[in-house]
Structures are given as structure tokens and as C-alpha cells.
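Note sheet for the following structure.
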Amino acid sequence: MSDVYWSVTNVILPGKPTPRLDHFSATLTSRPTAILGPSGSGKTSLLNVLAGFEQPQSGEVKPQFIKATNRLPLFWVPHTWGLWPHLTVQAQLEKVVTPPTTLHIERMLQAFDLFPLKSKYPHQLSQGEQSRVAVARALVAAPQVLLMDEPLVHVDPARAPGYWEFVREWCQSQQIALLFSTHQPEVALREAEEVLCLKEGRLLFQGSTQDLYQSPPSEELARYLGPTNWFAAEEVSIWFENPNNTIQHHRPEQLTWQSDASGPCEVEQACSLGALQEVDLHHPEDDLRRKVWLRSTNQSFIAGQRGFLKALLLLLGICLFSGCGSAEGVVLPVESTRYWMLPKDGYALPAPRAMGMSKEQNVLVLDTGGRVLIYTLDGKELRHWYMPEHDVGKPEGIIQLQDGRIAVADTHYHRVVFFNEQGDVVSMLGERGDKPGQFIYPVSITEDQNENFYVCEYGGNDRIQKFDRDGNFLLSFGGFGTADNEFQRASGITWHDGRIYAADAINNRIQVFTEEGKHLATWGSTEHPLELNYPYDIAAGPEDVFYVVEYGSGRVTKLNKQGQLLARYGSIGTGLGQFNTPWGITVDQQNNVFVADTGNRRVIQLNQ
Ligand SMILES: Nc1ncnc2c1ncn2[C@@H]1O[C@H](COP(=O)(O)OP(=O)(O)OP(=O)(O)O)[C@@H](O)[C@H]1O
């Protein structure tokens, strides 16, 4: 569930000397969302406005979640908990449910360890106990939306994760949309799919928690989710073993220290923070100093020890290139590589996500800013435009159809949007649902030679639907699962020579179908091992070859028409020849391959 729950447009909430919310706009969905920001950045103010406790001076706050049910629309847990002073703990819970559901109340008392306190009044409770009562009371009310201002912040760190686990499961089972503020990155990382980052009453970032963790647009935003090591391009050559001239961002678990008597830097001092080490480094030659945060290992840091920093590959249970596949050691014959970043979008530096090739051999890109961008083959931007809506989520599949229309799988709006070549919307197809012509999360599109097009989707409705050029539904095949003809996130499809090829990402395989949906082959099965690791997209190249991009192992895999491994290229990392969670791939008529290297925020071009 990820419907729009609130739209907030241009809200001003006055304050002295500056507004508490300053031209604040955001679209909030039913996904668990955390509001992050330094003290005084406006988190409570935003929650107050959403709860209707305060009225903005201007702008619009539009709740869209109120459904015709007898469920309470909203429950608000302020940071002062708002407990009724004259009621015992048990009565606090009983008062919010009509009629009181004894079973639920007992479950809450148990989940939050409140049984021994059930006859006490708020003034007889500690802060942590009061906050547990406040959360339990909100959950038992089972509202449609639950707003909480720094919930459970006073609870001891040993027990808070257990309470949070209960909150998460209860919200899921009762379909409660959760929005909460927090100063604790680990709570946001564990509990929130989405984050809103505030600063001085303004929205700096809205997006997926994992995107912000792995690929933050700036150092400032990176810090909203905890310690980070950000290196400007010019710093990289100072501290690293194998420098290149791109910005590098590494979370503590992605960086290591290599001691080496001839290394250019030295340890000044180190401090253990438990799971992390905070290390002060000195570069004597340039007399520069900086702090880094590394994951604590058995490694000890001794003042004066020389060495250098090394970016770690994120292995994630991955089989790296050298050990994989029957064509071990056959590397794609790449003559040259080039990369380019996408233009800034306000404060953000969006990342490319989906790739396509136009009829005139221009590169089509979708990015995390909700934009469609068109580039020449040598990386010159021709134009870009925005999706009609993109607050809820960004689209993930793009193709130019034979009649010239550009079709975009508008994943989070459950539809396909058709543009003309100038970027005007000419039509849309679909709505949320699992009936023919409806979509949950449409994610990729391909077209056959008769101008029929195929859309694959995920979200429980993992299937491929076929439409004629006018958008009339023809047939559908697939389903969620692991058997042949079933998918778990079919995230990329391509048509070639009368066949449909689907990158079945979570099942780590490619499935091949006729245009009528008859299953023909599975590449990457036990009988046909390929060691694919989250294949996210597939593109058909000239001469009957296919290129698959593997999100999990940061590489491109080339296959022949029988699905046999021809060559591989790349590994996980930030350097050239490396990829970080790549999502999309396309290929031109010269067999040059273009990859959306999403985690590194760049488009990579591999010229063969
Ligand atoms: N009732 C009020 N009237 C005027 N200004 C206020 C009021 N309440 C808070 N402020 C100011 O508005 C700004 C935002 O406050 P808010 O409480 O929303 O921040 P916050 O991000 O929740 O902070 P914290 O993390 O410290 O709780 C701060 O500068 C604060 O001093």
C-alpha cells in the first residue's frame, strides 16, 4: 500500500524570526515515513499542521486518506505524550476503543510491558513508561493514520527495538499508515521506507530511506542517516590507494584502513564507539587532517601508523566475476568507457534508473528526480521533462514505440504514460488493480514488430500484459512465484525476434516466452546455471546477443540467443569499470552498452 495520504502545498507556518514551515510542500504516502532534521528544523511543526493542531498562515494541507469507514482517521502522539492525568494506564487504553476490546488491550499491556503498571496514573510513571503508554494507546485505537513525535525516545536502547518491532507488525496488520519524527538514524533505517529531511522549515529531501543511505545527494543529507565518509573529488587522491577524480561517499561499513609503512597518511588518534571506530587521519605531506568512521573490526589503530583508505566492495553474498559462470574470465571487450552525471534538480543530484534507446539512436533515461532525459550517444543532453506527477515514486521503465511515442512505466502511479517526442503527454493507460489493463507496479515495457506492447509489473501481481498499439488488452501471463512462468519482480523485459525475455530479478534468472505468453526457457535455473545476481534489466543487442545488468553484483553479463554466457564486465564499486546497484541497461546498433549506474549517480557507456 502506498497511496497518497496527504498533499502539503506551499505551507507557511509563521515563527520568529523565521517561519517554522517555509513554503513547505510534500506528498505523503501510506508507507512508513520518518521525518528527520536537526533540532528546531520544523519536525514538530509539520506534525502539528498535519494533525490540524495548528493552522498554516497560507498554503494547503489536504488529507486524502479519510475513507468511509468507522475507523478513527488519525491519532496523534505528541512528544509530551498527551496522557489523561486522571486515568490509570489501563483506563487510558480502554477510553480510546469503543467498545473496549479486552483482547487488544491485554495484548498492548503485554507488548509494552505495562501489566505491572496498569493501575498507575501518569504522574506515577517515568518518562519511558509514559511514552510506552502513549504508543500503546495510539495503537489500540487502530487509526487510519498514526502520527508520532519522537516516539519511544525515552525508552532504554535494549528494549526499544522490541517495542518498535511490535509497532511495525501492528501497523502492518491493522493497515495503519505511520508517520513519525526521530533523531535516531537507526530507527529511521529500520522502521521507515521513506524519509523527509527538514532544515530551517524547508524540505531538503524526500525519498526512499535506502536511497538516502546508499546514494545521498550531498554530504549534509548523508549525515541525516548517521556517520558517513564523504570525499570531495579533490580529496580522493589524498586519502585513497587508487584514487579517481569523482566524489566518493562511503558509509563506515564500506571503507577500510590499510596499514602500509609507505602509505601517504597516518593515524593521529582513534576512538572506539562500539560498533564504529572514529579515526583522525593526518596527511603529513599536505598537512591535511580529517576524521573517518569505520566499522569496528579486530584491526587496531595506533597513533603514527601509516597507511591509506580503501573502499570496500559490498559483497552482499555475491559471486564476483572471477568465479562466475561457464565463461569464467571472458571479459567484455570494452575499448573505452565514458560516464556522465545527470543535471541537478533543485538541491538534489538525481540518479539514472531506467534506460532505453530511441529510434534515432538517442539514449532515453529516467531518473530519481521523476524526469525523462534524452541524450545523444556521446552524452550530450538534448532535452528533459518531468513526469506529470512524481511525488509518490519515480517511474522505472522507458521505451520509444515504433510510432514515435515515448512510453513510460509510471510505476508508483500504476499506469503507462505516453508522451510525444517533445514531452507532451498524449495519453495514459491503466490504474491500480489486478484486473486486465490495471497495474500494481508496472516497471518495464517492450514492443514487438506488430506494434503490440508488453508491460511487466511487480507488487504481488507479477505478470506481463500484452496490449495492441491502441492500448487494448490482449492477454496476460505469469504470476507471483518461483515456478516457470512465475516471477518475483520481473523488473526488465525486452522483445527480440518473436520472443519476450524477462529479467526475473529476485528469482535470479531470465525467462523466455513466445509472444502469446508460452514459457519456452529459463536461463539461470539449476539446469542452466548463470549465477545471475538480481538481474534488473535486459536489452537485446545486434547479432542476437543480450546484455543483462545485475543489480546485486554490479556487472553486465552478455548472453547469446541460447542464454549461454559470452562475457562479463564490472564489479561493485565506485571506480570506472565498476557499478553500484545498477538498474537499467540499453544497447545501440554498434553494440555499445549504456548502464544506469544508479548507486554512483551516473550513466556509464561501454564502447566495444
Ligand atoms: N509555538 C511556537 N511559536 C513560535 N515558534 C515556535 C513554536 N514552537 C516552536 N517554535 C520554533 O519553530 C522552530 C521549529 O520548531 P519545531 O518544534 O517544529 O522543531 P523540531 O524539528 O521538532 O525540533 P526538535 O527536534 O528540537 O524537537 C524552532 O526554531 C522553534 O524554536
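In case you wondered, yes, glycine gets a Cβ from its N, Cα and C as well.
Feature annotations, reproduced from TrEMBL:
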- 6-225: domain 'ABC transporter' (DOMAIN)
- 429-470: repeat 'NHL' (REPEAT)
- 474-516: repeat 'NHL' (REPEAT)
- 566-608: repeat 'NHL' (REPEAT)
Local confidence of the repeat 'NHL' (429-470) - pLDDT mean: 95
Same-chain residue ranges lying at least 6 outside the repeat 'NHL' (429-470) that approach it to Cβ under 8 Å: 354, 396-399, 401-403, 407-412, 414-416, 418, 476-481, 486-495, 498, 500, 502, 513, 515, 517, 537
Helix, strand and coil totals (DSSP H, G, I; E, B; other) for the repeat 'NHL' (429-470): 0 helix, 21 strand, 21 coil
Helix, strand and coil totals (DSSP H, G, I; E, B; other) for the repeat 'NHL' (566-608): 3 helix, 23 strand, 17 coil
